[in-house]
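Colleague: Got a structure for you, written out below as structure tokens; questions coming shortly.
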Amino acid sequence: MYILQKTIDKKDHGYASFICEESCEEDSEIKDYFKNIGYLLALLYILQSKDFHGENIITSREKPYLIDNETILHQIDTKMEYQNCTEYIYSNIYKSVYGTGVLPFSMYSSKNNLSMEVGTLNSGKERKSPFKTQEIINKKSDKIKIISKFKDITSVPSSPMLKNIHISCEEYLDDVIDGFTEFYKFILNIRKEFEGKIKELFNKEKARYIYRNTNTYSQLLETSRHPDLLKNEVDRYIYFLRLYTTINLSDKEELTLAKYELSALLNNDIPIFYLGCNNGLIYAENDNVVGRDINSSLINTLLEKIEKLDQEDLNNQLKIINMSFIGSGMTMGMKETSFDFNSINIEKLITNRLMDNAIKYKNELGWQALVGMGQGLYNIMPIDFSLYQGSSGVALILALSNKTQISDIDKIINYTLSNYKFLNSKKMGAFDGIFGILYSLANIYDMKLGLEDKIVEIIKRELHDINDQDRLKNLNNDIISGYAGILGVLITINDIFKDNKEIESISHILAIKVISNLKIKDINNTDIGYAHGNAGIIVQLYRYIKHFNVNEDDKIEINNIIRDMQELEKVVNNKYEIRENAKYYSWCNGIFGILLKNAYLDPEYHIPIEIEKDILVNGFGEDYSICHGDIGNLAILKNISNIEVDDNKIINNAVKKLFAIKDKYNYDDWGLMTGELSILTYYISNGIEIINRILCLEKLSVNNENKI
């Protein structure tokens, strides 16, 4: 494995060998390259290295070379006190292999809905910047002008080539894992010798000290060149003084650092500081001591890191490697195993997996997860608070399962609330927002686990705040994030808390506000589905007129809206016409959501025979989830009395589909609607009924006996 260029150090200057990008000629060289990347990834992880993205590694045949090594040693803040578990999980992810920059990763612009690969491991494809940059066109003419455009960018320099064609990392995950595991275990076997070598090599060295993000300095320099600031040097000086607004002016050390920052910026330089590896002193470029790091020395933090290396940590890092490939849509290299679950209790297996992978911090319990960024890409982040894929869904299902300590349920609730606050989320929806939290809490309250007083106070506080702040404005109609879902949760809260006059009253007031918004909104003429379309809205409108004492005029108006929505449904060649590019055999946007709605409105509903034949032949096998897979589809069919279906075969295939991959390539994906919790929910007592009730946002009405 080659990782560094040859260099000549002449004290005040130096030389580095030129690295020529060369193509591999044999498949075996490509495999060797990815195994070498695995070796390199393990070393960079152990050294706490950062910023080794695809621009900082050059490939020459099977050899990856590091070409920008200023952050090969990086000080980790070991004295940090985290506000909550969310911050703690973010820190763990940053300290993991994911923080090296080597693994598949994309920059994403939510504004432009564009992404660009930046990781050393990538698809090998040419890229387009997700952010517009300025470019001068029509030079040397009277039509010269500056335009903003998304620039085309070549493949990542770290992408290996086979016969001059860039190769994706997708099919070489096993080689990366083999290299990483081999090097990691090698270090475990020579731990003491390696620690001695760390001391020998770095005891008298200095490492780059990242006081402030380089991009911050770059933006300050770029904007400081505006003509208005170049007319008078005093104006530019005053402009840079904004740095002082970000520091504690009573802290002499911060003032000293700011002084050197200002000096460098006035000289059009990026401020650079260094950290003594063995003494914790911070130096400016001229070797002047400008401060002291509050942590233990960098060498000591490295030695502490090496001492903590073990099989459990290795497994965690391998899991993150898997998650980075999955999150980037690179799964072709993941080979299925022959997972045999015939003698395994699936409910116990998933519950144990969930709790074994939980991350505890103070009085909170959370998880890391793959969180969607757009364009089918996912980043590794703390699990969010939502009912759909987050911690409120986890709390609800674990509470129903009777196999988790109530104290742990309480910690998950604490995480859920602090995560919602930490993210400063404005989402209101039943599946993606605050009303999903309230739905989960209301049903946990109904289980009488001993958390009732706490839950009552939370629900009262949140409902009053929503009402007082008039937060139910400008939402869409759907059940996931809009008015229909919110209405469904309010109906359930009103039902569960009918003996609590304050909650019953405020939930009714908010329900009236929501129904007023729903009645004046235009009907969606293009989406008859459940999650984002008319079917989900119809169910909640129907629930509203059944639950509340609605006057006759309002009842007629709402029934007319339901009728108008139903009339938009068209069946052609025994198939419903759903919106374009939607999954037909699914609850969320397809036929199963429509069937759920039909059965909800008419308990005697029978599926037309030709539609029944179609869904029994084609409706299963693509996905295991509740939202758009076999678990949700099966639960809905089992809830419709006239359907006979081989549920054992379907559920067995769904479980096999999940664990045939996870048995070898473990990863965290705990969401209720799309993750492992989908399967756990099916297996718990009354699982089919519970799934249907959750999809309709109903009260779960489960007697939770045998509490732990």
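Including glycine, each Cβ sits where the backbone N, Cα and C put it.
Taken from TrEMBL, the feature domain 'Lantibiotic biosynthesis protein dehydration' applies to 6-274. Look at TrEMBL and you will find Cys588, Cys627, His628 tagged as Zn(2+) binding site.
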Colleague: Using the CB centroid of Cys588, Cys627, His628 as the Zn(2+) site centre, which other residues of the same chain sit with their CB within 8 A?
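Modeller: What remains near the Cβ centre is Ala531, Lys583, Ser586, Trp587, Asn589, Ser625, Ile626, Gly629, Gly632, Met673, Thr674.
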Colleague: What's the number of neighbouring CB atoms sitting within 10 A of the CB on His628 (Zn(2+) binding site)?
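Modeller: 25, counting other Cβ atoms within 10 Å of His628 (Zn(2+) binding site).
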Colleague: Tell me the Cβ neighbour count for Cys588 (Zn(2+) binding site), meaning other Cβ atoms within 10 Å of its Cβ, over all protein chains shown.
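Modeller: Around the Cβ of Cys588 (Zn(2+) binding site), 26 other Cβ atoms lie within 10 Å.
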